[in-house]
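Enquirer: Right, I'll just put the structure down here and ask away after.
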Amino acid sequence: MASDYNLTPNEKNVLLALEELKNANPDELAQKAGMKVETAMQAAFLLDENGLARVDEKVIETYGLTDEGKKYADEGLPERQIINSISGPVSMDELKDKFNPAVVGIATGWLRRKAWATIEKGMIVPTGNADSGDDEKVLDKFGGQERTLEELDASPALMKDMLKRKLVTKNEDKHRSVSITSEGSELVAAGIEVEEEIAQITSEMLKSGQWKNKKFRAYNIQTPPRQIYGAKVHPYQRLIDQMRRIFLDMGFTEIKGEIVQSSFWNFDSLFQPQDHPAREMQDTFHLSSRSELPPEYKDQVCAMHEHGGDTESTGWGGKWSEEIACKNVLRTHTTALTIKYLADNPEPPVKAFSIDRAYRRETIDPTHTPEFEQLEGVVMDKDMSFANLLGCLKEFYHRMGFEDVRFRPGYFPYTEPSVEPEVYVDGLGWVELGGAGVFRKEVTDPLGIKYPVLAWGLGVSRLAMLKLGLKDLRLLYQSDIDWLRKSPVCQL
Ligand SMILES: N[C@@H](Cc1ccccc1)C(=O)O
């Protein structure tokens, strides 16, 4: 049953005005209701929402004359001016003396097209038939105003031609009209009482006691409130913070470093041969800049690569090139940071980690991005063993909420033994999450590191996908505000 209970005084006034007008444009409505157009329309939209009125919008196309069009409406089209001024053949030159050459230029084409004249050897020869065309009739109809197609009594094809000839412009105007619905009329018939309502109480009203005689606008508890999205930490950042917290809690020091690294620190110090496939253009972002090689290590690293240095290792053999080692790259793993940190801090114990971005030339797909995070860590101390490495990683994954952790044999040029940790995820099975191992002598010896080093580099975004239940890693990197606001994984 309709009731005026929830209507504001403006809505009531507009509804009463509409009942008289039935259908009106915004200006008429505002005038009748005795309010500003915006106020009246605001009320009309509210009435529309409640089914008491209807606001219709339609786009009306109108045409207007361009400056050129106006001129020709007054003076006649160029072809008309010329055909009216001649009674027999005339030469173009003669016409150009009498008329603006631009006018003559435009006119000749149209004289021919309209078959008002032929052009023979530079002479314009009237055909004797120059009836007023539809375009001229339309030009006459404007009378200095915007006109609709109906008012001009013109075909769309003709208007298209005139648009092309730049005689007219086309405008699209949105027109609104408001009409009362039968429900609205019923409500008016049942009686509407307009009385001033207040939505806000002022201190004056309170002081004077006036508020006692006021009518308060009722709350409409049906109106859906505007959604408010609180600020929060990005879910990926939240997980990164959680991982950082775990290592800090386990007594590790966080290290940071440069994104741009020499090949020396990114590859050579890690005993990656200079012809290793990972160093190829298609895997690594190579830069044109270079770095100085650290004088305290470069000879030892060279010796290790070429023949195994002072150790029983044979090295890779061949010639190690300083030229290749000093070339800069975007770090392809954060192991470049931990190895340098160890070289700078060779005294045990060292427990350090880094959680930061690495770069590889990956083709972007749901599980690969050229920029990604790694969680890198090293432990160096007397008597550290492979078992300590597995224990440390297990502990980390447990703290991240993964119960089942296992290790598969892996291969990295810088570790021996090497493993790939995996966690078990319901529905997915065992998921591989990075690499780990104990640094080889070939890595530690040239840098003067005397004790065993446990090392790992774990995929962070892969872990985040598992924790957040995502199928597409790219979501983590695109700041899709809608997803961030609404996705349940972002609700924490
Ligand atoms: N750097 C290796 C991971 C790793 C780090 C340390 C030791 C062993 C492996 C990678 O990016 O895949």
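Even glycines carry a Cβ here, placed using N, Cα and C.
Remember, TrEMBL labels are computer predictions, not curated facts.
Checked TrEMBL, it gives:
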DOMAIN    236-488  domain 'Aminoacyl-transfer RNA synthetases class-II family profile'
BINDING   T335, Q374, L375, E376, Y414, F439  L-phenylalanine binding site
BINDING   E416  Mg(2+) binding site
Enquirer: Please list the binding-site residues from L375, E416, F439 whose Cβ falls under 6 Å of any atom in ligand 1.
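Expert: Close enough to ligand 1 is none of the binding-site residues.
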Enquirer: Across the domain 'Aminoacyl-transfer RNA synthetases class-II family profile' (236-488), what does the pLDDT come to on average, as a whole number?
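Expert: Over the domain 'Aminoacyl-transfer RNA synthetases class-II family profile' (236-488), the predicted model scores a mean pLDDT of 95.
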Enquirer: Measuring Cα to Cα across T335, Q374, L375, E376, Y414, F439, which the record gives as the L-phenylalanine binders, how far apart are the two most distant ones in Å?
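Expert: 18 Å is the greatest Cα spacing among the residues binding L-phenylalanine.
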Enquirer: Let me make sure I understand the structure: which of the binding-site residues listed (Y414, F439) has the fewest other Cβ atoms within 10 A of its Cβ?
Expert: Y414
Enquirer: What does DSSP assign Y414 (L-phenylalanine binding site), in three states?
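Expert: Once the DSSP labels are grouped into three classes, Y414 (L-phenylalanine binding site) ends up as coil.
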Enquirer: Considering the binding-site residues T335, Q374, which residue's Cβ sits among the greatest number of other Cβ atoms within 10 Å?
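Expert: Most Cβ neighbours within 10 Å: T335.
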Enquirer: Around the C-beta of E376 (L-phenylalanine binding site), how many further C-beta atoms are within 10 angstroms, looking at every protein chain?
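Expert: 27, counting other Cβ atoms within 10 Å of E376 (L-phenylalanine binding site).
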Enquirer: Helix, strand or coil: which one is E376 (L-phenylalanine binding site) in, per DSSP?
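Expert: For E376 (L-phenylalanine binding site) - judged by DSSP and reduced to three states - the answer is strand.
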Enquirer: Across all chains shown, how many C-beta atoms besides its own are within 10 angstroms of the C-beta of E416 (Mg(2+) binding site)?
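Expert: If we count other Cβ atoms within 10 Å of E416 (Mg(2+) binding site), we arrive at 15.
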Enquirer: Taking the Cβ of L375 (L-phenylalanine binding site) as the centre, how many other Cβ atoms fall within a 10 Å radius?
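Expert: Within a 10 Å radius of the Cβ of L375 (L-phenylalanine binding site) lie 23 other Cβ atoms.
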Enquirer: Which state, by DSSP, holds F439 (L-phenylalanine binding site): helix, strand or coil?
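Expert: DSSP assigns F439 (L-phenylalanine binding site) to strand.
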Enquirer: In whole Å, how far does the CA atom of the residue listed as 'Mg(2+) binding site' lie from that of T335 (L-phenylalanine binding site)?
Expert: 15
